[in-house]
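Feature annotations, reproduced from Swiss-Prot:
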- 5-122: domain 'Response regulatory' (DOMAIN)
- ASP56: 4-aspartylphosphate (MOD_RES)
- 152-344: domain 'CheB-type methylesterase' (DOMAIN)
- SER164: active site (ACT_SITE)
- HIS190: active site (ACT_SITE)
- ASP286: active site (ACT_SITE)
Amino acid sequence: MSKIRVLCVDDSALMRQLMTEIINSHPDMEMVAAAQDPLVARDLIKKFNPQVLTLDVEMPRMDGLDFLEKLMRLRPMPVVMVSSLTGKNSEITMRALELGAIDFVTKPQLGIREGMLAYSELIADKIRTAAKARLPQRVLENKPAMLSHTPLLSSEKLIAIGASTGGTEAIRAVLQPLPPTSPALLITQHMPPGFTRSFAERLNKLCQITVKEAEDGERVLPGHAYIAPGDRHLELARSGANYQVRIHDGPAVNRHRPSVDVLFRSVAQYAGRNAVGVILTGMGNDGAAGLLEMHRAGAYTLAQNEASCVVFGMPREAIAMGGVNDVVELNQISQRMLAQISSGQALRI
């Protein structure tokens, strides 16, 4: 079996050395070359034809975003960004995902060597996922036509969405067409702490609905989307007649916190047939069991189709478990969700 060929682009000699050690410690991949800046990387890409590129965000001569934009236009390939955990860099990382990066890794703030080596399995998993990924289609910067939707008379209706690899842009594609009269949405996207606030703020600028990072105890309102904070579970709860957000630090589920299964199970319990469940692109099986619970509770459930997924893992598992009513292309999901909510026919078997 041939190894995954990886090229590292980072201006730090230590980071290049550590990434080389990490990649070469896994038998199914190899570091074919390492470059200190994008201009050197350009020549090495031609020479070694890597399958996956790891790219630092901040570098001299040409920054990572400029290089990524040119790369995706001229020679599209799977890219995993490597970013320091700062407010500025979290915004840059979100922009990189918009430009077509598959995923990202955060650099440890202290103890670089020990921290990076501790991330060895995580980095290897992201490299493997990137190597198999379908390159995402760019979502246009201009806003798509807003869907028409009759204002709801009840705040009982609710939409739950789960995603992982490739999910930031898929979520954007689903939320942008939604009108302000849409039902509330609860969203779990696998993401580390420090990035979900930037993700929510960026979506809020692009969408007609209000998008925010979820806060424990807040009331769930129509026309609002609530994003699970990084490294914390998001659940639906009730306070009297009202839906409420619950945020907690429970153990990881399916190796993830936040976990899509945790969200979906709570929605099955408290919203039942008043809910719509949507599982989007992502590696693994998180969300499959929870979506089945939603389906059994009477919710209408959707999975993104393989052709429009960056990674057809989570949707595939959900379909295989029998918890999916319909499999839909990404650009049709918004319309299908609202049509189902408006029809009032959440239960479909």
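Cβ atoms are placed via backbone N, Cα and C, with glycine included.
SER164 (active site) and HIS190 (active site) have their C-alpha atoms 5 Å apart, to the nearest angstrom. The sparsest Cβ neighbourhood within 10 Å, among the listed recorded positions (ASP56, ASP286), is found at ASP56. Across the fold, the C-alpha of ASP286 (active site) and the C-alpha of HIS190 (active site) stand 10 Å from each other.
Taking the Cβ of HIS190 (active site) as centre and 10 Å as the limit, one finds 26 other Cβ atoms among all the protein chains shown.
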